[in-house]
Every structure is written in C-alpha cells, then in structure tokens.
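Quick notes on the structure that follows.
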Amino acid sequence: MTNPPLEELDDYSGNDSFDTTQVLRKRDKFRNFFTVPKSESKVKDTSSTQSLTSQQSIPSSIASQLNKIQDKSLAVVPAEEYLHMNIFPENIGIPTIRTDLPHPQQRIERTVQLLYCNTLLLQNSSTLLSTAEEPIFNQTEQKWLAEIKEDPMEQDRLQWLVTRMAEAFIENSNKDSTKIAEIVALGPVLPRESYRMLLSSLITDFDECRILDVGLLQGLVQLVQGASSGFLVPDDLVKILSILRVRLQGTQQESSEHTYYLTQAVSRVLDVMADHKVQDLSRVLEHEPLSAVLSGLNSTSDPYLIYQACYAFQALQYVSDDETVLQAVLRQSNGVVDGLVKMSAVVKLDVRSVLEGLEQMQQVAVGAIGTAGTIYKGVSSLRESGRGVFESLKEGFGSGQKRTWYSAVRAAYAFVQAGHLKDLKKLIYEAPCRCDALFQWGICQLLGEIAVDTVWTLTTRQQAVDLLGHLYRNDQDWGRDEGVKECMVTVLDSLGSVFDQAFNKHALELLQELDLDSTPRSQSFYPLRSLFLIPCSSQILDKIQEVPYLEYELYKLRLQRLEEEQQTVYIPPQAKPFFHANDDELFPLMEKVQEFLVSDRQVMLILGDSGAGKSTFNRHLEHQLWTEYKRGGPIPLFINLAAIDEPQHDMVTKQLQFHNLSNEQIQELKLHRQIVLICDGYDESQQLLNLHRTNFLNQPTQWNTKMVITCRSQYLGPSYRDRFKPQPLDRYNTGQQDLFQEAVIAPFSNEQIRSYVDQFVRDPNTRRVFDEGAAWSSEEHIERLRAIPNLMDLVKNPFLLTLALSTLPRLVGSQQDLSSLRITRVILYDKFVEQWLETNKLRLQTNTLSKEEQDVFELLLDDGFIASGIDFQKRLSDSIFKEQEGNPVVGYTHLRDKQTWKVEFFSPDPQVRLLRESCPLTRTGSQFRFVHRSVLEYFLSCVIYSPVNHENEFDPQDNSDSTAIQTFETSGPLFTRNLLKELSIIQFLCDRVQNNPGFKHQLLAVINQSKTDALAATAAANAITILIRSGVHFNCTDLRGVKIPNADLTDGQFDSVQFHGADLRGVNFTRCWLRKVDFGDAQMKSVRFGELPYLEVDDTIWACAYSPDGKVLALSISDGKIDMLDTATWKVVGTLKGHDDYIGSVEFSTDGQRIVSGSADKTVRLWDIVSSENPLLIMEGHAATVNSVAFSPCGKHVASASDDKTVRVWSTETGTCLFVLNGHEDDVNGVEYSPDGHRIVSCGSDGTIRLWDPATGELDTVWISALGGIQCLDFSPDGLRIASGHFEGNVQLWSTVSGEPGLVFSGQERNISGIAFSPNSQQVVASSHDSTLRIWDVSTGALISVLTGHSRDIQGVVFSPDGQQIVSGGGDRKLRLWEVNSGELSLKARGHSDVLAEVVYSPDGRSVFSSSVDGTVRQWDSDTGTAVGPILFQISESIQAITFSPVGQQVATSSEDSVIRLWNFPYDSPTGSPMLLQAHKREVFGLNYSPCGRWLLTRSFDNTALLWDSRNPEEKPHRLTRDKDGEVDDNTAHCAVFSPTGHQIIVGYYGGLVCLFDAQTKVLLRSITLESNTSPQLAIGAGNGKIYLWDLQSNEPGTKLRVDDAVFSVAYSPCGRWIASGSRTKTVRLWRRQHRVDSDEEEAWLCVAVLKDFFGHIHHITWNPVGQALEFVTGCDDRSIRMWRVFVDDDFDGDVRVGLRWSSHVGRLCVSNLKFGETVDLSDTCQRLLLQRGAVGDDTSSEEDENYSSSDYDDDDEEEETDEDDDEGSDDDEDEESDDSTSQKSESQSESR
C-alpha cells in the first residue's frame, strides 16, 4: 500500500464535500477486518491545564494486559484518511507545563508551580514576547502576570525560592533521584550564578561516585540540555564529555544497561556541544579516543545500544575539533547540515527549508568521492532487500561521515521542542532519508517520548500513539524491516504500562486492534523517558519554605517603616566636621552620610543639641534607604537605643526580633547581609560603653554593619570618641583611624527657616491645628519671627521652630507691639503643651464617648482638663526619672505590670486612658514615650518649678515679681537628684529664672536654707548651678555657711563674696572670677579650679621628656644640665651635668633606664639615670648645634639632627657613628624614629621632610612642604601620621601611608617650637613662641583648647604617658602642667569672638553697646549684664568704633573699609541696610555725636577729621584743618570731643597738640574760650604714662597725673569728680578729685583704686550717664565688657571700694585678694596654684605707693620714672614684647585719647 502525500491527507479537514459518514463506514470495515467490536464510550480530551502526576512504569506483559480488557469494548479504529486528518493537525506551539497559579505571597505547594511561575516571568521579560505573532499567554496567565508586575517583592520571592532550592540541594549530601528530578526541572529558570553552582556540584558528585548513579547522570544531562543562553561555557561540556568517555570506557564490560545510559548521555552532550559550537575539543585527547570507544560497541547484540552508539558517533562528527580548516575540507564538508543540526534552539522553524537541506545533503552524500558509495551502501540495500536493521547499524560505525538520518532526527527533535507537530508529521513522511532504518528507529523513540511526556496534553500524547500505530500498519516503508517493527511494538507495549489510566487504555486498545500477540518484543528494552518527571512530592521546596521568605519579611518591614516614617515637613540639615568649625565649613549632612556608607569606615557619629533634628534626620535616612532598597542590598535598621534592654549586647538581634523575624532569618542576615544600623539616642540610652565593640560588630562571624549613631552634644566629655571608635580586626592596622567619622548638626540658617515655614504652611496637618481663618501665611510667620526679640535666634533649633510655628498665632494673639514680647524656650513648651491639651479637649467634646468615659471626662472638665493633663505628665516624668533613671521609653502590658508604678499612667482605667491619649505621648506596640525627649525633660523641670499663672506668662515682662512664691517639695528632684547630669533640664530652669523673678528668689532662698539645713545641700548645689548658668552674678553676696557640694560654678562671677564656713567640697570653679573672696573655714576638699600649678626653675627650659612609665620628667636647662623630677612630688631627684652649652633635646629610651641629649656644644651624650651621673658615651662628629635626638625603639641606636645640615645615626653600645645622612640643604631641626623602627624621619629649615632607611642609611622619600621651613616634628604612636611644626606658626599633618599632606592647623602667631601627639594618637599639641599652646583633634581638625599662661617663648611640650596632662616649659623659667580634660573651650562663651573696638552707654543708661573687629555690635543690659538679643548689627568688615546718638534712635558704626554706617535702632535687622557715609580714604577709628545729636564727628587714619550732618547725610562733610605757618598740616587726630554745649570741638592730634574749633563755622579758634561758667576740664591720656588735665580757660595743662605706662583710655564721670583710666599694664586706675587742706591748690586728684585681673589692654572706659550709683564700663582686648560700681563709705573717712557688677565673659580663671583663714582640706596642688596666681593680697585698696596725687609731680619734670607694681600674682604682665599685632594696632588708635 502506498502512502498519499500529506498535503492530500491534510486537505480532508478543509474539504467541504468530505463525507464523514463514509469515513465512519470505512472505520467500521477496518474494525470488522481486525474483528474489533464497536466501543460504547469515547475517550475525552483533557484541559490544557492538566496537572502533572508521577508516572512510574509498571512492568507487565501484553498478554496479561489484554486479558484484563478482553471483556471490555475496544475503541473504534478510524479509517486511514480520518486518522491522518486527526493526527497532529496543527502546530500547537511550545509545550508548557501548566498548573494552578498561586496568589501573590501565597505558599508554593509544589515545585511544578514554582517552575510554572518562573517560566512565565522569564517569558514575559523575553524579547520573543514582542516578536510573537500571537499571544503566548492565556487569559489566566495574563491576569497573574499583571498582579505580579505590581508586586516586585513577590517576583523576588519566586526567584529566591529557586535559588535557595539550588543552594539547599548542593548542601545536602543525600541526593536521591527524587531530589535530583526536583532540582534539575528548575534548571531553565535558575539565575546564572545559581545554575553554574548547581552544574559544578552535579559534575563533581557524578565524577566522585564509584558506582554509576543513573539518576545523577540523567539529572546532569537534563540540566545541560535545559541551560539558558550564555550559562554554559565550552569548558563545562568538554569536562563532562571527558568524564563520560572515561566512565563509558570502563563500563562496557560490566553492564549493557549502564553502557546504554552513558552512550545516550554522550549523545545528548554532543548535541549540546554542537549547538554551542564548541571548537576546542582536542582530537588527540578527546575526539579520537571517544570515536574508538563508540566504534567498539559494534560487536554488541543490543540494537538499542547500537543505535545510541551510532547516534553519538554521528553527533561527534558535528563537534568541531582543533584541526585546520584545510584538513576539515579535505576530510569532509559540512554543507547545509551544519545549520540543520543547530536548529534545536530556534523557536520558529521552516519545514520546507529543512526538507530542502536534507535533500541537498542526501545528494552530497551519494556523490561523495571515494567512500560515498560504501557509506550509503547499507541504507540502499536496506531499502531494496530489507536487510535487518541490526546489521545495518553495525555497518554504520567507523565511516567518519556525516549522515542525513542524524540531521533529520535532530530536525525532528527541534520541531518537537518548538511544538511544531504538524511540521514533524510532514518531516516523517517526506524526509529523503525516511527509509533509513536509523531515521525510523529515531522517530519511533521520539514518538514514544512524546507519548510518555505529560507536558503534552492527553490528546497530543494519544495522537503520538496513533501515528506510531499508523506507521506500523499502513506505511510500507516502515513495515519493510522487522527490526523497526519490533522496536515499534516494544514502544507500544511500554506505553501500555504507563501509570495513566486514560492513556494506557488507549495504547492497549491500539495494541489489541493491531493484533500484535505474536509479534516478537525486544529482550533488552530501555525506558523511553529521557527527561525526569517533576515528582509530586517537593521535598526541597517544603524544606526551604519552613523558613519564611526573608526578602518577603523585609518587604513587609519596608512597607511598614515607609508608612510609619512619613515626614510631611523636612528640611535637609547642614552639618560641620566638628564643634568649633566655621560656618563656611558646612556641608549637607545627607551627602556626607552617603559618602560614609560607600566608604570603608564603620561608624559615623552625628552630634547635635537637643532638638537639633538628629532623630528626624535618622528617620529620614531610614526612609530614604528603604525607598532605595534593592533585593540583597544593605538593610537599614532604625534602633531607638532607649527602647532596647541592654543595647550593649545583641542589639541587632533584639531589634530584628522586635520586627518579628525568626531566629533562622536573623542568622541568615548575620551571615550573608550588611546592616546599616541607625542608632538613635545614645544619650537617652544612658550608655557609657562603646556599642560597636560590645556588640562585636564587623568582627569575624559577626554582624557586617555600617553604624550611624546620634548623641546630644551636651552628653559627651572631651574624650568621647573612644565611646564610638570601632575596634579594627588587627589592632596594629595602621588604617584604624579611618574607621570612624563624625559630624555636628548645625543650627538652621535663615534660608532653612524660611523653607521650613513654607513647608509647614503647605502641610495639610497645619490646617487641622488651626482654624481656617487663624492659619498664617509664610510671610506672616516670618514677619512675626523677626519682630519678636531673640526669636529668630531661638528657632534656629528645628524642634523649637516647630513649636514656635505651632504656638505663635495663639501666643501673639492680637498684640500689636511684638517687640515687647519675650519668648524663651520654656515659654514655647508651655504654650505647646497647653495647645496640645486644648486640641484634645475639643476632640473629646466632639467624639462619641461611652457613658463611663463621658462621666470621667466631665469630672476632668470640672477639675480643669488642661491642669489635669499637665499634672498627669508631671507625675509621669517624675516617675520615669525616679523608677528608670530617665530612660524615656516605658514598656507596659497590663497583665505583667498591673502591680507596678506604671499602672498609674498606662492602665485601661477610663480616666487614665483619657488623660494619656490627650498627652503628647507616642505608642509603638507596648512601648510608650513622649513625642520628644525634651518634652520629658520639660515636664521634670515643671515638677521643680511651674508658673502659677500660665495665661499671663507671655505678657511683656517687667522687673516686678508677679509670680506667687512656691515651696519646693523636699522629695522632689531639686532635693533628690544631681541635675548636672540633666543639662537640658537645667536649661529649662534657666529660662524660668529669666522669665520669673520669683523662681530666682526661691532658688536663692534654697541656697540660704542650706546654711542651717544640711538636707538642703543637694538642692542648694542645684540651685546655684542653675543661677550661674542663668547668668546670675553673685558679686557682693553673703554666702557664709552655704552647703553646695559638687556644684558647677564654671564661669561664675564672685567678686567680694563671703564663703566663710561654706561646704564647697567638689565644687568646680573653672574659669571663675574670684576676687576679694573669703574662704575662711570653708570645706574645700576636691575643689577644682581647672588649672594646675607651675614649677619654677633657675633658667630657660629648652626641652622636656617623660619616662615611659610617667614617673620621671627630664628637663634640659640653659646652663647645660638635665634635672630629673619625680612626678609624684615634683621634686628634683637627680641632675645630669656635662654639656658645655644649652641642651636642645632630651629623650628616654624605651626601657626608661637611659637618656640621650643633644646640645649646642655639638655633642650627643648618653646617660644612665640609675647608676651614674656622668655620661656613658659622648658622641662627637657634628659641626654645629645638635637640635634634636631620638632613640630607636630597640634602644640600640640614636639619631641626631644638627645645624650642620646632617642627620647622624649612632650605636648606643660603642658610640660609633654608623651613618651620616646627607640631603638637607639647611639646618636640620628635628629627627624621630617611626614607632616600628623601620624609618627615620627628619625635618629642616629647607621645608622638607625626609624619610630614611635606618638599616642602610639610604634616603627613601622626600616630602616638600608648601608651608616653608619646619622647626619640629613628631610621629603619632600608631604610626599613621606625622605632624610638622613650621616657622610661620602652622602645623601640618602627613599620612605615612600615602605620603600626602593632610590637615593644616593655624592660629599661633609665631614659630612652632614643639609638637607632640597624645598617646592615643587622637590629639596633637603645639607650643609656640607666641607663649600659647594649642590642642587639636587630628581626625577633624577641631581646635580643642588654647592654653595660655606662659609669659615668654615656649620651647618644649610633651604629653604625659597616660595622656591626662601636658607639660610645657620655656623662657619664663616655668614648667607648667595642664589638665587635658579641663582645657576645653567654653562652649557657652557669650560675647564677641574678636577684640573689642569700643563700648558706649545708651543715652538712658539702660544699655551698653559694644563693637568688635568681628564685625558685630551687641547690646547688653546695664543692670544685669545679660545680652539683649544675639547680635544687634552685623557686617562683613571689622567694626572699629560705635557711638549712640544722644537723642533719637540712631547708632553710628565705622569699619575698616572706611565706611560709616547709620543704623536705625531698634528697627533695623542685624543684616539690614543702614545708611552709608563714604568720604574717608582709610580706616575710620573714631566717632562722636554732638550733644544735640545732629552732628557726627569722624576721625580716620587718612589724617582727616570730618563733620557730618546726620539729618542730611547726603551732604558733603566738612573737613576740620589747622593752619601752621600758613600751611595746612593735617596730622592724625587721635581723639576728639564736643564741648558740653556742643559749640566747640576739641581735637587732640598725634604729638600732643590740642586744637579748639568752632562747631558752627568749623574754623580753628585762636584761643580757647568757653561760654560755660562751669570751667570744665579736658583729660588727655598720653603715651608717656601721664594724664594731662586742662582747664579750658587756661592756655596749658594745670595738672599731670602719673601712670606707670602708656594711657590708652581716660574718662570723666558725669559729676566730674572721678576719672577712670586704662593703661598698657592691663590695669584700670580710679582717680578722685578732692580739696587739699594742706595746699594752696583748691583741688587735687588722688588714685584711690587700681583694678587688675585684665588679660589685655584696656582701650575703652565709659561712665553711666544717668543714675545715682557711680558705675563705669571697661572694654578690654581680652574681649570682656565689665561693669564696675564705685562705693564710697562716708562713715569711714570716705574710703572707696570698687566692685565688679558683671562681666560679659571672663573665659579664664581670675583669682586675687582671696582669704583662706582655716580652710579645710584644700589640696596642696590648689594651694600652690592660688599662691602662684597671686590670690592673696589687696589689688584695689589705696596703698601708699599708688596713692598718686597731682602734687606728687613737678610740672617741669619730663623724666619718666617707672615704679614697680605690687606683686600682681599674674604672669600676664610679664614680657610685653609678646604683645600681638592687634594690641599694637589698638594701642596706636587709643594713645593720647
């Protein structure tokens, strides 16, 4: 029977005239022919979403199966035409495993589900999707993909599951066939990295197994076949093939079954190699040996094995080997077939092109030269004579030619993989090689594989069976060979055993129809399935899903945190690198944190004041990191340290457990992920430990973290960095300093305030707070913020800005004069709390409450709801501090805590709940806290003191005390707590002191109470601390018997104070003003003054060095000796003598037993400090002064540096010079060994630093400094840095790793003489010839301290080994000891930041105005000394002078830019636009208003004095000139004043000339004539140390007052009876006019007081123009403004006393005229300090040698005599040669005023 063309068969389905009835009749005839009865049932198709089930072969014979169904009806066998029409009628597309699709985040029940989901995701992202002609997804799949697209975390979870399954499989040593089947099925959807790990694991496992594991083999092959593009590399396949070849070679004699599986595996791998164009298969090593192994199988009797061997041999021909192209052409030609073999990876195939290619190959093969006929002979004879397939297969070995049947079979597989079953059918019927038994064999196997593969639908599988049966029964070509028929029957027999009832029934019915009982079966049959079926059980998947998906948990956490931390109002903060950095060093904090996160650093500390925005920034940082989070990336973890129990241990684990992560997930994070720890509130957690170290972060096997941690600035001490610096893995690692970083949040700028206000106004929440009509615009907010005094400065704190914006509308109300409002920090909190409670009261009134709640609410209303709420919060805050030491987080669960103190505030009781929910508290789970820690601290301050009348507190303040006096509870915090630990609470109370005079009186009363009540000691210490920090001065106060132990009186002012019998134990007097204080009988144990005493020596100290144990200090003295001091007693315990000149350098050996010294006598000497006072060795060789010496760490060598431009290295054993290091071009000033001894470093006047190899003496590196000559250097103990000190007063840091220059420290005005690192390498101190020491932080460049006290050049400085002290010595012959921790700069320094220019009173005497070269003008309350506002006016230039108009509201300032500015006061803003007067060409240094306020007299260094009309400033000013011999001679006018009437102007010129001008005509008067009858005098201070007093009615001075040095300032009192003068000796003298009864003179002037304790020249003195009390103000170069009051005791013969009322800022310890009497327990150290500072002695009394009078001087005596001052006890008066340039400049301005 011949086969009709497929086109004709296919046309049946499209022929409208086709008679199906005829077909059915023919079907019945065939059934009758085969004697098969009709079937009463039909086989139904199944859904395309048929689930896969496990199918296991059930071995049984066909006879037994037929016996079971012999009584059953068989299916109707259709006619041949109908069969063709219904077998593979269409190409159905790529087969897809389909099953139920899970919902997002639903548990995946089976591995097939996971495979299906990931396949859809891959296909959806493939480029094939956009090129597909028809949709490749059904409706269900499209809907599922749309849902997953909106859930990226679910996509990640699905991918994570397959990745984790691969990892779990690799880790599992028990890899049974079920697990293998489960994991290799996922191969096509694995990510590349996971795929390659799995592949490598399977290769290794297969190679290592001794007995062939067929499951492992098939899994490996399936994984290779399912590889995605680019996942395999040629080496993988070559390795696999090599392993298979070796295993195949050793298996041939053992088991034909194993040989079959191995041969089949070789075939599949070779197919993949051909697809991937593997070209590096070695002919010698792999190609030929594999060919030999396959050829060796031709002796087998197993046809299946022979077929696989033939297939493998053919596949091998298509794997390119390493022969040349010419050899390949000569041997064979690839032709078109090469393209056919590799089409299996192509989705869309063209069957006609395939058939044409096969036809062409057939022709090429038939016509091949030489061997073609022989090669194809077997096939031809098979077609003609029907030789057995077995013999034909054997003949195929060894030919080495590419055969068409192999290409056709590969094409058939390609069609099946693409789902092109119709094309497959066409290929089967029309392939030119279809008669080839090998092609037929391959097709039979392929159809059997389709039938058994459940990836196809049941219909498709049944059609594969039907096609196989059709070929068997109806195709003559396929029925010609019995071997093929036997194969077909065996396949059908196997299909009948499939465990699938619907399918095997169909196969068995076909076998029965074909009546194949007598047909022989193969005795050696192998399973049809080449791929594993996915098992029903998903063991690996189930195991993985026992641990919830980590990324899903993180995803939920991410959503939760993003929702919780939404910030509607946020301004990115600015920060600076350290506390004292300038404003021009600000940077965006977020940018700096982002840089930190990508750096190698581990900890970033962010500091800031309370309310600076630290927590807000932390939450924003977390929000941003979660927003940017990518799967597998760093995980942000916000930790409220106060909310974690013992955060010093396992704080990361505790926080993750709080977020409900399991222990397994936490462990996975610990091992595999990085955590960005955002630790908030280190201060709130009350920690003193280094959390990074105690949690072992970044240590092996521990958490991999980046830590951002915040803390209040006030909480930390000077060595705070040790609490945060991480511990490096290697403590000798030189890069450890780079692990830490810090930043300080800066206050808001005006621009940030404006931006915040704009956001606040737009915030929808703002409308809920205010009524629609009450909400202000941005401009209204800004206008009021600026109008209220001090408020703009206050709201630079972000939290206070929030409070101000929330409360300001109600606080201002309808008040018009905002300038009278006084708003402080505490007032903002008062109003905030009141408004919060008022809002919640209205909420409760509108809400629907239960009957019980309504009753409770009404009771609260009756009792005062707001008052009840405030009381509730006060009690809560008090309990928090009492019960948990101020930890702000309170955890409460009712069942656990109902018997504790917490139940009073957190129980479900209706009253408690209503109050709690109405208060500014937040809740997170079972944890409660105030909305900000400062609110907690505010309420504790309210426990101590709270105003009785809230409503009137915001009214304009007056001096009266309208607040009722309250009584402090002795059980309250003022009496029971040391408030020094709670600085924020002290600040609130300081505000109360300023706002409520009654509170001040109460605190004073507590202090007085302590005199008689010992129980009040703690309260009194707190009270006086609060008052001192409030700016209250205790001058002239009786504090006898007070008990204030441990009080902090830093910066306090105690002038003429009685401390007799007081308890002052532990009191801190740092930077206090202590003048005329009586400490008699006071208890002064552990009192601190912030300084240590100095030691006096015989001559200049040139160098000093500590022994390594710190017990001995060596000093080199100018007379060539070395003194050794015991540091316990500070007594000399030994002296080394021998040098003939001064010793410039000394150093101890590391064992502390020897000292090396270098001297100007050109020698280096080695000393044994234990056994001999004579040198052990004298090393000579230098030709000039030896400037520096250094011991090597091993102690065997010494290096010396000399002015002879060399460095020499000496042996300490022999004294021999080992090396002379040449290279410096000038004096070599310093030399040091590195800490490890591997380098010598030297510096010189040539500006270079040179590094040498100490072993060879060779020069290693030269660093050239841009700062010029170098005087000294030091190596940091950690070896990381070198510090160099330069001639111009700069210090440079250098990196020893990179050799790059680092930070530059400047500020010292003269040569840096010495430099030293602290033992921990964190600080560096430099001494200078300007008599100062400065300490810097080497990490940030922050200036930590400026130490003053030396009066001459400092020559040397060194840290003590414990780092607690610094020792310095120099030309003043004093060895000074400094406490490092007490040398901090005062952070609360108030006043100007630079030298004062001038001070003046306001006309009404209520204010004092000061100007400074820092460009600011400040206003001070003349009664209290309190700064009125932060800055009155400010410009960018230095302000040189200031004056206040006597009438009106105008202030004039002059600056170094020669411009005069007229300010309207108080209406101009600090940076407003004043009126400018410009005519002078140089700096203007003098300003004077006329008494009428119209005329302004100005003086300049351009030698002009100009007179301006302030009413018409546009008019050109008039120039005052004097004529001399007819010529104009304009010398500089140093001083000028208007006469009291304003009619004359007196001008004093340089050289002592005084001229009188007419104020109206501006001409010089010939004679001095005044119209006043008061005969006023003019006082002139001169540079010759005299004060000239002129009666303007006379022609020359009538009186001369003698002063000890140049007079810089002089001023008459308003009554004319007193003169105050300031001189260059840093003293103020008070002169009194009095009548002389023993003289003919009517009056004389007597110096009645000398005021000392100034730290600079006094350039400005002015008297209070009004008031009964005699008061004057001094302005000093030390930046202080001091108010003095003169007391006259008429009862005691007119004795005069001068007392200090207040000082703007002292800034250092001032002690004089102290009385100690029987003082108890004052330490010897303190006693020595006070004696050295001249604390004992009268410095103001009218002593005989200072009671200068006008009669003591001869008018004609021009000889200046200098009397020695009394012993002032201060070194500041010594060595005036060190006066700075600024003082000299001020001196020239003020001389002869």
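Keep in mind that glycine also has a Cβ here, set from the backbone N, Cα and C atoms.
Heads up, TrEMBL stuff is auto-annotated, nobody curated it.
Here is what TrEMBL records for this protein:
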DOMAIN    148-496  domain 'Arm-like repeat'
DOMAIN    603-763  domain 'NACHT'
REPEAT    1136-1177  repeat 'WD'
REPEAT    1179-1220  repeat 'WD'
REPEAT    1221-1262  repeat 'WD'
REPEAT    1270-1304  repeat 'WD'
REPEAT    1305-1346  repeat 'WD'
REPEAT    1347-1388  repeat 'WD'
REPEAT    1389-1430  repeat 'WD'
REPEAT    1432-1464  repeat 'WD'
REPEAT    1477-1518  repeat 'WD'
REPEAT    1605-1631  repeat 'WD'
REGION    1735-1793  region 'Disordered'
COMPBIAS  1740-1780  compositional bias 'Acidic residues'
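By the Cβ criterion (under 8 Å, sequence separation of 6 or more), the repeat 'WD' (1221-1262) is not in contact with the repeat 'WD' (1136-1177), since fewer than 3 such pairs are found.
DSSP places the residues of the repeat 'WD' (1347-1388) in helix, strand and coil in these numbers: 0 helix, 20 strand, 22 coil. Proximity of distant same-chain residues to the repeat 'WD' (1179-1220), defined by a Cβ-Cβ separation under 8 Å and at least 6 residues beyond the stretch ends, is recorded for 1141, 1144-1151, 1154, 1156-1160, 1162-1166, 1226-1233, 1235-1237, 1240, 1242, 1244, 1252, 1254, 1256-1257, 1272. Remote same-chain partners of the repeat 'WD' (1477-1518), defined as residues 6 or more beyond its termini with a Cβ less than 8 Å from a stretch Cβ, comprise 1440-1448, 1450, 1452-1462, 1530-1538, 1540-1542, 1545, 1547, 1559, 1562, 1789. Each residue in the repeat 'WD' (1270-1304) has a pLDDT score, and their mean in this model is 89. Note: the repeat 'WD' (1605-1631) comprises 0 helix, 16 strand, 11 coil (DSSP; helix = H, G, I, strand = E, B).
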